[in-house]
Each structure stands twice: as structure tokens, then as C-alpha cells.
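Copied over from TrEMBL:
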type	residues	note
REGION	1-25	region 'Disordered'
COMPBIAS	1-13	compositional bias 'Low complexity'
DOMAIN	13-54	domain 'UBA'
COMPBIAS	14-25	compositional bias 'Basic and acidic residues'
REGION	60-135	region 'Disordered'
COMPBIAS	60-73	compositional bias 'Polar residues'
COMPBIAS	74-96	compositional bias 'Low complexity'
COMPBIAS	97-107	compositional bias 'Basic and acidic residues'
Amino acid sequence: MGNSDSSDSTPGSSERRRKVDDLRRMGFEENPAIYALEQSNYDVEQAVAYLIEQNQAQTLVSESTTVRTSPYITNQNNRTQNRQASTISRSRAAEAAIRRRENDSRNYKKHSSTSQPKPKLKPQATTGTDNQDLKDSLRNRAQVLARTPKALDAILFLIRAIEKNPADVKFRTLNVENKMFKSTIATSPAGLEYLKLIGFQGEEFRGARPRHFVLKSKSTDLARLWMGKAVLEKEKEGLIYATAQEQMRFQNALQQSLKSANEEEQKRRAEYKEKLSKEPEAKAGIAVIKVFLGNDIQHSRRFFCDDTLMSVVQWLGTLSSVIPDKLLLSEWDLVDVSLYPGKHIPVCDNLGSTLQSLQWFPSGQIEIRAHKQ
């Protein structure tokens, strides 16, 4: 299987050099790294997979050749056989790598530790022994992490710090009871699982639940770390992460508006309160409206059933003067969550609608959300 012809997509010499250096930092030798990049059209991720397959094939061929060698074979014949075996193993490894990439089902056979030698840089995945299986596991956890941007960002920062400071112990030891850990990585259910996949191990003490997770320098798999970083960087560019970021910014703005207590804000809230009719007592013909404002914050108030949406908006203004402005500008959404799924209520088009016509009688539940494009 020959090298690919040069084309416009072939990277320049400096880019090729950088990719070779990346593979060398992972523990691969330079010449095999160059060959693997040529075979994979200079895709570093595919080159890593190819090199791992090649290491497996070469180890198997080496053992097989040792068994078959006769004491009567000359040293020259040994070298010839080794070159032939190396050529065959490279060809088979390349074909295996291509078949694995093209096979969507990605089925794999389990190998026992006694029948298969362990390659030097083989990822020690907890969910499988195949390189593709490790990548799938990382992707699945990364999609969960993307729903909590601060958790994803914290792990990505950690991996980059380890790459830049491989000898610094502080980046390799994590205390799960630490306040910073709890407020970042631990906020996602996939945080700890992702750390384990990239090589962190829990240190138990007298059978208790591990308080520290450590990435030991002797067992560090640079290829595994690199793959973990690449998966997170790609997920950070995706829709899930972007949506979560927007939701986080919205929640921060909403909570800040609720906490604001400056003189101007107090004045505006008082103006909304003056426009609002007195809250009626609980009796027939009364609607109870409950609003959810995120972070388990909720408020409720009684209205007459023939009061309009305008009255509800004015009431929201007494909680935060920012809310009516954002709703009227369609920067935030008012969502009816009385039933599932929630129904968006266009505020400007329904200011004159009664609570009864909005089906909020005898009760209604609404929520303020980030505007959905």
C-alpha cells in the first residue's frame, strides 16, 4: 500500500514537522511517525490509531519469528525474514486501520491478557481494549460535559496544563473534596468518568471512597491524553456547548437582576407596583399564577381571572425591572409550563389576553427562559 500522491491538501513542511513532533511527544519514534502520517493523509488522530495497530502487529510477528527460527539459519537470512515480516506487518496494520475506520459497526473481539501481548502505548480503557472504543467513550462523556461548560472547561484546562508542565504534581493530583473541584468538574455527572478515561486513578485509603485521583507519571499515556483533549476541543465547538453557554449567561443575568438593589432599580420596581392592582383574596374567580426564575427561585400571586397578561408582566416588574424590558424586546421568552411540553407565549401579541383565555384559570405556571432562536 503506497504513499498518497501529493495534493493541495498536503500540509506545509512546518505543519508536517509539528505533527511529527506531536507523535514523538506521545512516545512514537520519528520514522514510523512520518510513515504513519503519510499513510493517514497527515491526520494525527488516524496516525495514532495506525501506529498502535502497527505496534500490535509487529509484536505478534516478532514472537512468531522467534519460535520458527532454526539454529542453522544464518544471520543474513534472519535479517531478510525480519524485513519481510516487518513489511507484511505494516501492510496488514494499514489495512486493518482502514477497515476499522470504515466499519461503522466497530465490532471488536475481546482478547485475554494471556493470549495477546500488550502494546507499548495501548490505551487502558475501562470500557474496552480497542482504540476506537476509547474514542467513543470519550465522545459520549464529552457530550454530557458540554451541557455543563464550566466542567468541560476545567478538564480541558487540566489536560493542557499537564502537557505544558508534565513534571508538576499539582496538576496530576485532584482532591474531590476541594471546593474548586466541586464547583467545576463535579457539577457534571460525567466529570469523574472522563478523568478516569484519560488515566486518573482513585487512591483508596482503608477501603474508603477515594478522596484523591492521581495521574501517575509512570503510567501516563500521552496518546490517551492527547485524544481526550482533542475530543473536548471538538465538543466545545458544537451546538450543545454553545446552547449551554447561552443558558448560563441568561441565568447569570436573570439572577443578577433579581439581586440588584441600587436606588434606580428600587425606583423602577416601585413604579411597576403602583400600576399593579391590589392582590385579591382567595375566592371564586381567582387565578393563581406561579413563575419560575431558575435556581429553584419561584414566586406566586393571585389575580382576577379577567386580568390580562399585562398585569402579570407588571407583577414580574416588581421582582426585577429588567424582566419586562427583556420580554417586550423578545430577548427573553415567557413559557407556559402548566403542561408538557412548555408553550412559548409571544408577550407583545398577548398583552391584552385574559388569564382565562390563556388557560391560566384557576391556575397557571410560567417560566422565564433564554430566547430560543
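Just so you know, glycine gets a Cβ as well, placed from its N, Cα and C.
Any TrEMBL annotation is an automated prediction that lacks curation.
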Looking only at the domain 'UBA' (13-54), what are its DSSP counts of helix, strand and coil residues? 34 helix, 0 strand, 8 coil
Across the whole of the domain 'UBA' (13-54), what does the mean pLDDT come to? Round it, please. 78
